[in-house]
Amino acid sequence: MVAIADARYETSSENSLIDTVAKYSVDDGETWETQIAIKNSRVSSVSRVVDPTVIVKGNKLYVLVGSYYSSRSYWSSHGDARDWDILLAVGEVTKSTAGGKITASIKWGSPVSLKKFFPAEMEGMHTNQFLGGAGVAIVASNGNLVYPVQVTNKRKQVFSKIFYSEDDGKTWKFGKGRSDFGCSEPVALEWEGKLIINTRVDWKRRLVYESSDMEKPWVEAVGTVSRVWGPSPKSNQPGSQTSFTAVTIEGMRVMLFTHPLNFKGRCVRDRLNLWLTDNQRIYNVGQVSIGDENSAYSSVLYKDDKLYCLHEINTDEVYSLVFARLVGELRIIKSVLRSWKNWTATCPAFAPLLIQPLRRQRVVVVPLSPRLVLLAFCRQRLPKRMGGSYRCVNASTANAERVRNGLKFAGVGGGALWPVSQQGQNQRYRFANHAFTLVASVTIHEAPRAASPLLGASLDSSGGKKLLGLSYDEKHQWQPIYGSTPVTPTGSWETGKRYHLVLTMANKIGSVYIDGELLEGSGQTVVPDGRTPDISHFYVGGYKRSDMPTISHVTVNNVLLYNRRQLNTEEIRTLFLSQDLIGTEAHMDSSSDSSAHSTPSTPADSSAHSTPSTPVDSSAHSTPSTPADSSAHGTPSTPVDSSAHGTPSTPADSSAHGTPSTPVDSSAHSTPSTPVDSSAHSTPSTPVDSSAHGAPSTPADSSAHGTPSTPVDSSAHGTPSTPADSSAHSTPSTPADSSAHSTPSTPADSSAHSTPSTPVDSSAHGTPSTPADSSAHSTPSTPADSSAHGTPSTPVDSSAHSTPSTPVDSSAHGTPSTPVDSSAHSTPSTPVDSSAHGTPSTPVDSSAHSTPSTPADSSAHSTPSTPADSSAHGTPSTPVDSSAHSTPSTPADSSAHSTPSTPVDSSAHSTPSTPADSSAHGTPSTPVDSSAHGTPSTPADSSAHSTPSTPADSSAHSTPSTPADSSAHSTPSTPVDSSAHSTPSTPADSSAHSTPSTPADSSAHSTPSTPADSSAHSTPSTPVDSSAHSTPSTPADSSAHGTPSTPADSSAHSTPSTPVDSSAHSTPSTPADSSAHGTPSTPADSSAHSTPSTPADSSAHGTPSTPADSSAHSTPSTPAGSSANGTVLILPDGAALSTFSGGGLLLCACALLLHVFFMAVF
């Protein structure tokens, strides 16, 4: 692995003393060698070589840099080229093996000037200077070396060109095409026989061009990705360099693109986001930088099924490089690509087919060209949002009622809206301003009192100014709309008849088709002045039009959007004939929008706040992103799925350092979002299934602790609900499916880290249900998992205070079951403790709301029993496992809402315990495991919502515990592994954004740990494994949001630690690894977003490691100047196969040379 970067020794200015340096590793980043690749001329204090742009071919590195001797101004402001030169240095990599040890070296040739290849005149202009695009350049499929470059002319105008060599660098030429003026720092890739050149534009949206031949002019890619990304929320700030690379993932060729949101403005450029596109659909993977850190220049590398990002961070003009492993982001990408492939595979050319996976969506898809963009589908339940089938952009709905095969809009303002420019900064349907085809099937149920809108494109947010549309009037006539051109009503319509509508616009000409026939008067100019329109949104009905003179009654069966020219007559006819297939049952279960970011478990206990099992996407601590998909540490977006402790988002799909399960968007710990799937620990949502401890909900199935409801399954201790399904610990929702502790969402399916269960939804104190949805953070189980306060269910996984099943462990109000552990929100244990919000446990007894019991197993409001397991609301028993809301018992396991017990295992919402395992939002417990809303217990394992315990394993948001295992939302514990967002830890290894590790307990959002492995924003813990927002723990291994590691350590965003290996965003430390955004630590290795440290090993968003230190978001180590905008290259077996780079500003306020690089573990 090789890194190339600017080394700025004295200041962060680009006009200072700068060298180009290289650092390389042959042992997966364990050790590094450093070289100066290209020295500046040393003729003045501002001599410099800048903006390295790198090509890798075979085992050679071609590095192009600009050279300046004494000038002190920015290069594009130079009036002539006297102080400028352009240099090419070639490095040759050799590797050898001796005695089983691999060694490598890079031999750099002397830089050669290429100034002689730069013509004095170009396309009628007098030229001045040129530089590389500052990033990765490419080797074309024909073997040519291709550099995208930025050129200035004598008028100081900047534009982009292609600079290429056909003979491995001996001679060079400029291609004929060029960009518009103002386009700088270009990056390029090869795509389907063309070059795609992506350029920075200050104060405006990015321009992307296509070039099919070096001898032909460039063409702006207006129908795909040009003008999609803005430099800031209002597109009125400077732009930024970007990474733009083509890779093959899951068998699909796609492009990865990074770009900061720049909320702060100017050249600060904060919140670096990662995007995915196949040159048709565009998906926001999420934010890859942390919080609001300034992270302009970046580079992405995908190699050996691993994804990495190198980016700079700027803190008060002190620059550092950060290298991050994007584990969760890669899982999200794979999930999205599976969705795309499933939809595409289900829709062969001209073969329309209705999609209805898992009863959640109904859409007819007719791909008429490779450039098909499916706009949205209708959800089964009453929606506030209609999600795009390709998971890119959602639509908003108002006054919508779910009907067979579609949505019925009724009442004033009833309709749907799909944003175009309303998406804000990043507009994924920007192509529609040039050409589009909009298709829908509609049925009108009654005549309006005046003309009412039916379908179209609007130029303003109010919907008053339309570009193209169709209305229907009280005389049963159609009223087409062609811009401001007056049109006479034509044709006729019938009540109750379904019509197939097609609206097309290309070359500023609009047409309307009804049932395959061109409507009279079509073919009108919709933009008379010739300007390019700026479409605000597409609409169906009178979406939120309060000025509507009539109440609309329209049913929409399907809506599709094509990003292409007007369809021809044959294609229109094909669309019309396919409508008869609408209503056919579907075949594409895998493409459904099921729960997200969790992975299914088989014959096991599924619960909330469980850690991911296999390829899962977990998310957390994301910040808002605006008009975009927001994800981990992202910022708000508009109509979108939000996740992981994120703030509300509007149109976007958000996730956070998580890993999706099956082509699905899921979230957890998220705050309210609109058109989104909301889950775990969220507050009420609309059209959602709400659960556990929820307040009343309407049209839903209410469960878990609920009081009676009408035609509904209501359960344990909840407040009444009407036709709704509510489940454990959630707040009220309206016609929606929400789950435990979830925040409000609108028309979405909320699940909370759970995966689907088998047609049954059982809940606390509820009666058995069939074909239903199971909730509260549970994952599916096969031979059934039953939980507290429920009645029995059969081969199904029931969650959150649900009733017992057979063969299972029955709890609260249930009948006993054998060897199975069922509980709501429990974490995994072996043969023991079941707790709330955890993962499954085996041969253990969990219960809920039970009172104390004596050597017996009693359940649900039962009186004391002997040698048995007691559960919910039962009377006291001794040596028994009691749980959930139980009163104190002795030598027993108590859980969920239980009162204090002694030698007992209590979980979920329990009070503090000592020598026990406490978890999730619990209060402290003593040598006892207490669970679910229980009071303190002694010698036991306490979990879910419990407070601190000592010598235990504590996790997610837990409070401290003593000799116990604490999990989920618990506070500090001792001898424990603390993770994510924790503060200082001592003798431990810290990790970041990683998922479970072995042998160690890793979790997320935990607080500090001591003699333990502390990671990601975690605080110290003592001899306990604490995770997820937990407080300090000691000797343990902690991780968060990462992938599993074995006796290894990964960390991020943690604060200072002592003899510990911490990483990610930490400040400098000495022989140790310190973590993310942390303060200094002693004898530790500091890495990731940290200032330089010595012998350190850092990794990012950690992937599995073995007895090694892995860290995340690590910055350069070793006393040196800092570097940025670098290039990373993978050089396996002497062959440089991939590149990874950035370019531009980098500083470490240190006059020392060389050691200016980040550390990384591969």
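The backbone N, Cα and C atoms fix where each Cβ goes, glycine too.
Going by Swiss-Prot, these are the annotated features:
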type	residues	note
REPEAT	23-34	repeat 'BNR 1'
REPEAT	163-174	repeat 'BNR 2'
REPEAT	209-220	repeat 'BNR 3'
CARBOHYD	ASN342	N-linked glycosylation site
CARBOHYD	ASN394	N-linked glycosylation site
REGION	587-1123	region 'Disordered'
COMPBIAS	589-615	compositional bias 'Low complexity'
REGION	589-1120	region '44 X 12 AA tandem repeats, LTR domain'
COMPBIAS	616-689	compositional bias 'Polar residues'
COMPBIAS	699-1123	compositional bias 'Polar residues'
CARBOHYD	ASN1125	N-linked glycosylation site
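Here the glycosylation sites are ASN342, ASN394; the one with the fewest Cβ atoms within 10 Å of its Cβ is ASN342. Within the model, the repeat 'BNR 2' (163-174) shows a mean pLDDT value of 97, rounded to a whole number. Sequence-distant contacts of the repeat 'BNR 2' (163-174) (same chain, at least 6 residues past either end, Cβ-Cβ under 8 Å): 57, 62, 88, 90, 114, 117-119, 122, 130, 140, 143-149, 214. Here ASN342 (N-linked glycosylation site) is positioned 19 angstrom away from ASN394 (N-linked glycosylation site), judged by their C-alpha atoms. Taken residue by residue with DSSP, ASN342 (N-linked glycosylation site) is part of a helix.
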